[in-house]
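Swiss-Prot has this to say about the protein:
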- 17-37: transmembrane segment (TRANSMEM)
- 56-76: transmembrane segment (TRANSMEM)
- 91-111: transmembrane segment (TRANSMEM)
- 157-177: transmembrane segment (TRANSMEM)
- 200-220: transmembrane segment (TRANSMEM)
- 233-253: transmembrane segment (TRANSMEM)
- 319-339: transmembrane segment (TRANSMEM)
- 367-387: transmembrane segment (TRANSMEM)
Amino acid sequence: MIEVDQSAGAPVRKHKFYQILYVQVLVAIVIGVLLGYFKPDLGEAMKPLGDGFIKLVKMIIAPVIFLTVTTGIAAMSDLKKVGRVAGKAMVYFLVFSTLALIIGMVVSHIVQPGAGLHIDPASLDQKSVAGYVTKAHDSTITGFLLNIIPATMLSPFVGGDILQVLFVAVLFGLSLAMVGPRAQPITDFFNALSAPVFKLVAILMKAAPIGAFGAMAFTIGKYGIKSIVNLAMLVGTFYATSVLFVVVVLGMVARYNGFSIIKLVRYIREELLLVLGTSSSEAALPTLMEKMERAGCSKSVVGLVVPTGYSFNLDGTNIYMTMAALFIAQACDIPLSLGDQILLLLVAMLSSKGAAGVTGAGFITLAATLSVVPTVPVAGMALILGVDRFMSECRALTNLVGNATASIVVARWEGELDKTALHVALNSDGELPSTDPTSPARQGH
């Protein structure tokens with residue numbers, strides 16, 4: 001396997017296959033599954049390894065987003081472009097999020113994964129989902145919008161809220177651009193600061209196999225592979241639908257915009273394996289942003305589209321929400337009228353916005369949706385509680401591919417896509433190690 005550094009004059013370095021990160025993560029996942037299966041108690045005890053890695057990644061997310069967005073916007077000569085990029089991104093997010101919801105609903109009608117279970121809602125354990133429902137009730141649309149505005153300029157960096165960091169970064173970047181040449185020393189400082197920050201990302205990623213091992217060992221050790229058997233139809237249908245969405249829907253979008261979805265998936269395979277191991281798409285956020293810039297998307301587009309997409313472009317979560325809601329209705333023998341399903345769709349469109357890219361967020365979002373739609377019992381969520389963790393991986397994987405696709409598409413719409421860089425990246429082995437944010441590959445086009 002050859003690793004290519006695209007910076008000028010950089011030597012070509014060869015790596016043995018076992019030194020490549022995605023191979024290490026894949027091996028770690030397999031070992032974690034085996035440990036959790038054969039030694040469940042020991043597997044459960046590995047949970048701190050996964051949690052620790054997630055905390056390490058979250059530690060660096062805020063500075064990565066702030067520096068990428070701020071320097072990207074500050075470099076823009078046309079400030080109207082910021083609003084234009086954001087507007088195009090939101091249109092893309094709305095269209096494909098809605099399409100994902102509809103596809104989940106249509107497939108559920110065709111396959112009927114919950115039919116024949118004949119569950120009495122009164123017999124379900126409502127206490128098991130009470131915590132999720134409480135969190136869902138606390139999450140209103142108004143509260144979500146107000147929460148984007150931080151208490152202070154520094155509080156987002158303490159709390160790690162992605163949208164708050166993005167909000168501050170956009171405002172600060174606009175301020176730098178409006179001040180003009182006088183702000184150039186600050187912009188230069190941020191560009192220089194980006195180098196050690198992205199080098200730190202590369203250092204932290206060395207711990208990815210340990211995190212993936214711990215998270216997977218815990219998942220299998222606690223929930224067991226057998227817990228998935230009883231609800232295999234739902235889980236299998238969800239996985240198949242997600243693959244269908246990526247290959248067919250996103251595949252058509254990719255082909256129309258001049259690239260291959262299969263090559264894109266291959267290009268971000270390290271990030272996908274990281275997400276698979278941790279069930280959190282946030283774990284791959286820093287390296288995904290870096291890779292999308294290497295693939296020819298300008299820094300300004302990546303800085304706006306990727307972090308925003310983590311709250312507004314969750315294709316996997318959207319498929320899951322309508323599919324899970326209809327599964328519960330079918331299992332409880334509750335017929336849904338056309339009006340009920342339209343209401344479910346509309347509520348899901350709203351409640352899915354702002355769902356965080358962390359484990360369990362999709363379940364909380366589902367609780368928020370069902371608590372507004374009276375026809376489907378919230379207590380029915382107890383039916384899928386045991387296998388939600390297994391569906392969480394697929395949700396996160398689909399979300400990640402969706403956001404990578406969105407970055408390229410919006411960059412192309414905006415004329416900010418280096419097609420040569422995209423071709424080189426997607427036809428390489430995906431191992432592009434340079435983390436220097438001042439290199440040509442990382443600048444706006």
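Quick reminder: no glycine exception, Cβ is built from N, Cα and C everywhere.
The stretch in 56-76, 157-177, 233-253 that contributes the largest number of Cβ pairs under 8 Å to the transmembrane segment (91-111) is 233-253.
Most Cβ pairs under 8 A with the transmembrane segment (233-253) among the ranges 56-76, 200-220, 319-339 are made by 319-339. If you look at the transmembrane segment (319-339), the same-chain residues 6 or more away from its ends with a CB under 8 A from one of its CBs are 100-105, 107-109, 112-115, 117-121, 234, 237-238, 241-242, 245, 345, 348, 351-352, 362, 365-366, 369-370, 373, 375-377, 380-381, 383-384, 391, 394-395, 398. Contact check: the transmembrane segment (56-76) against the transmembrane segment (157-177) gives at least three Cβ pairs closer than 8 Å, residues 6 or more apart, which meets the contact criterion. With a cut-off of 8 Å between Cβ atoms, the residues of this chain six or more beyond the transmembrane segment (157-177) that come close are 58-59, 61-63, 65-66, 68-76, 79, 82, 147-150, 183, 186-187, 282, 285, 303-304, 307-308, 310-311, 354, 356-357.
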